[in-house]
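As given in TrEMBL:
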type	residues	note
ACT_SITE	CYS322	active site, nucleophile
BINDING	CYS185, ALA186, ALA187, PRO188, GLY189, SER190, LYS191, ASP216, ASP243, ASP269	S-adenosyl-L-methionine binding site
DOMAIN	67-431	domain 'SAM-dependent MTase RsmB/NOP-type'
REGION	1-36	region 'Disordered'
Amino acid sequence: MGRRQRNRQRQQQQQQQRRERGGGGDGQGREQAGWEGGYPEIVKENALFERYYRELRIVPEGEWEPFMAALREPLPATLRITGYKSHAKEILHCLKNKYFKELQDLVVDGQKIEVPQTLKWYPEELAWHTNLSRKILRKSPQLEKFHQFLVSETECGNISRQEAVSMIPPLLLNVNPHHKILDMCAAPGSKTAQLIEMLHADMNVPFPEGFVIANDVDNKRCYLLVHQAKRLNSPCIMVVNHDASSIPTLQIDNNGRKEVLFYDRILCDVPCSGDGTMRKNIDVWKKWTTQNSLQLHGLQLRIATRGVEQLAEGGRMVYSTCSLNPVENEAVIASLLEKSEGALELADVSSELPGLKWMPGITQWKVMLKDGQWFEAWKDVPSNRQTQIRPTMFPIKDEEKLKVMNLERCIRILPHHQNTGGFFVAVLIKKSPMPWNKRQSKIIKEPPDAEDEDTKETQHLLNAESEQSKKDGVCGPPPCKKMKLFGFKEDPFVFLSEDDPLFPPIEKFYALDPSFPKMNLLTRTQEGKKRQLYMVSKELRNVLLNNSERMKVINTGIKVWSRNSDGEQFGCAFRLAQEGIYTLYPFINARIINVCIEDVKVLLTQENPFLSKFSSETHKRVKDLAMGSIVLKYEPDPSKPDTLQCPIVLCGWHGKTSLRAFVPKNERLHYLRMMGVEVFKAKRKEENFESKTEEGDQDSTKPE
């Protein structure tokens with residue numbers, strides 16, 4: 001019997017057993033179980049959990065029953081409007097004035113639908129929560145339009161289905177566009193997306209000085225991270241694959257001198273036991289023991305320690321978990337503060353998110369084994385238990401030290417206070433180098449004249465090692481064999497050389513501004529034809545060129561041009577790519593056609609419209625323009641507030657007799673919604689030509 005047959009037989013047996021237990025392997029049991037879909041057998045009770053948290057008193061007096069009742073209720077769906085500011089405002093306007101109004105007084109399956117409410121503490125009304133479960137959203141015909149809107153806008157990256165408490169850490173980082181940011185445990189990427197948005201607060205600046213390096217230890221989850229980050233089309237994001245507890249120290253070149261890269265902001269959202277997620281991860285009820293926290297404490301402390309080592313002086317690090325357990329929270333922070341010897345301090349963020357309800361951190365707790373045995377101090381732990389329980393898990397006994405730490409500045413979110421998940425956040429400020437780094441720097445940093453031969457030789461080797469790859473502009477995967485034992489082998493990142501013959505025709509065709517940073521263009525191939533050109537910011541280029549041996553880069557850069565063989569006859573072999581158009585547009589001085597809103601509707605609803613379909617102004621502008629790739633720009637008219645009030649830049653193609661837009665399907669639907677077009681109809685039109693191959697114009701001038 002083959003493996004497939006055995007697996008099939010095993011699945012059939014499991015289905016039969018479920019039917020016998022009344023679980024309904026055909027899905028009937030799931031229907032009867034309501035919200036608890038696939039988990040009818042899980043009872044939302046755990047005596048050890050209740051005993052543990054009652055004893056620790058993390059819940060205020062008299063609130064235990066509401067706390068437990070909230071944990072047993074399904075988590076409300078929350079969404080965050082993402083993207084850059086002007087577009088986010090248009091989506092918000094569309095949500096409030098169209099979709100939310102349609103939900104008023106709606107009753108589905110006997111349940112009155114509550115209109116989504118804003119999260120009071122999230123800035124500018126950009127986050128909302130609703131009592132609509134996923135099941136109701138998917139199955140109710142009355143909500144089909146709203147559901148399609150959510151799915152489509154999520155795929156575009158304009159809306160993120162993100163848990164409310166998960167939005168808090170990036171807000172508390174206080175990110176500015178010039179900040180260098182490290183996200184240590186970034187997958188699946190919703191917080192990373194928030195950080196990228198903050199870098200691009202000003203849409204008129206195509207290349208912010210700052211960047212985000214998003215790391216995850218799991219190679220497969222890194223690709224999920226890439227998917228999330230790609231939706232925001234930023235040249236300032238790099239995804240890397242390392243163990244966060246030993247993430248390498250990177251170097252950057254500062255006017256010919258090598259310097260260590262220290263980050264202005266670090267997000268340290270560590271792996272945790274996740275008992276704050278019981279409302280959505282129902283199996284935690286069954287699996288929860290204190291053992292999970294005891295096993296993770298050491299890793300959490302190592303990751304946090306590595307984080308503060310890489311933090312710049314004056315920088316801010318946010319440590320967070322979706323756990324309520326002090327062993328994973330206050331114990332890690334207290335241990336970090338103690339060994340920092342005054343180099344770190346907890347920031348008081350009590351006034352930074354007005355409207356958010358939270359509990360202060362606790363200063364006293366006990367440690368419990370999974371068998372229910374309690375320990376109040378390290379001295380009480382028998383030697384045979386000292387591998388499971390470590391000294392850093394206990395509270396500080398020295399009252400003076402404890403007072404200086406200000407552990408009450410930590411934030412614990414309890415589920416029943418604002419109908420959320422459970423969460424913990426602490427914000428650390430670095431005042432001076434960590435004590436062990438100070439000692440180290442005394443050994444390494446000698447005066448130049450006293451520098452010994454060994455130090456000179458090491459520095460020479462370091463410089464020579466990276467000089468060759470810098471000359472070639474190639475940042476390949478790291479040579480370390482261990483790195484290549486897991487995950488996919490990534491293509492190298494090859495920067496265009498100063499004299500690359502590929503660039504002058506592009507520069508001429510699009511009349512690129514002299515300030516265009518052509519050194520930031522890269523490809524993913526060393527040999528053969530370059531099919532795609534990508535772009536990164538100047539700062540990320542610096543990081544890539546100086547650290548290719550140290551780090552495993554999964555992805556960086558946004559696509560700005562794609563090769564198009566038909567374009568060569570018009571003077572340029574590369575057409576513009578929609579993903580990078582907002583980055584490129586400020587540097588393009590030719591082939592720009594300003595279009596009115598009616599023209600935009602034609603471009604987005606018709607596959608390859610004839611020029612006669614457009615306004616006379618557009619027709620005139622296009623007539624004298626050579627065929628090939630073009631930019632189509634819509635500028636809002638402030639005197640007509642009822643029309644779309646955010647600028648739109650589209651990539652297009654001008655043929656002999658027609659004009660078309662090269663825009664992905666979901667992005668088309670997004671723009672049409674913003675313009676008030678009924679997208680159900682638009683979607684049907686889309687489906688009629690989505691299945692066809694992109695054949696281009698009806699004449700022979702069509703791009704690949």
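Every residue gets a Cβ built from N, Cα and C, even glycine.
In TrEMBL, annotation is done automatically, which means it is predicted and not curated.
Taking Cβ-Cβ distances under 8 Å and a sequence gap of 6 or more within the same chain, the neighbours of LYS191 (S-adenosyl-L-methionine binding site) are SER166, MET167, PRO169, PRO170, ASP183, LEU267, ASP269. In this model, the domain 'SAM-dependent MTase RsmB/NOP-type' (67-431) carries an average pLDDT of 92. ALA187 (S-adenosyl-L-methionine binding site) sits 14 Å from the residue listed as 'active site, nucleophile', taking the C-alpha atoms as the reference points.
Distance between Cα atoms for GLY189 (S-adenosyl-L-methionine binding site) and CYS322 (active site, nucleophile): 15 Å, as a whole number.
Taking the C-alpha positions, the distance from CYS322 (active site, nucleophile) to CYS185 (S-adenosyl-L-methionine binding site) comes to 13 Å. Here the Cβ of CYS185 (S-adenosyl-L-methionine binding site) has 23 other Cβ atoms within 10 Å, regardless of which shown protein chain they belong to.
Listed in sequence order, the residues of the same chain lying 6 or more apart from ASP243 (S-adenosyl-L-methionine binding site) and placing their CB within less than 8 Å of its CB are VAL217. Residue environment of the residue listed as 'active site, nucleophile' contains 24 other Cβ atoms, counted within 10 Å of its Cβ in all protein chains.
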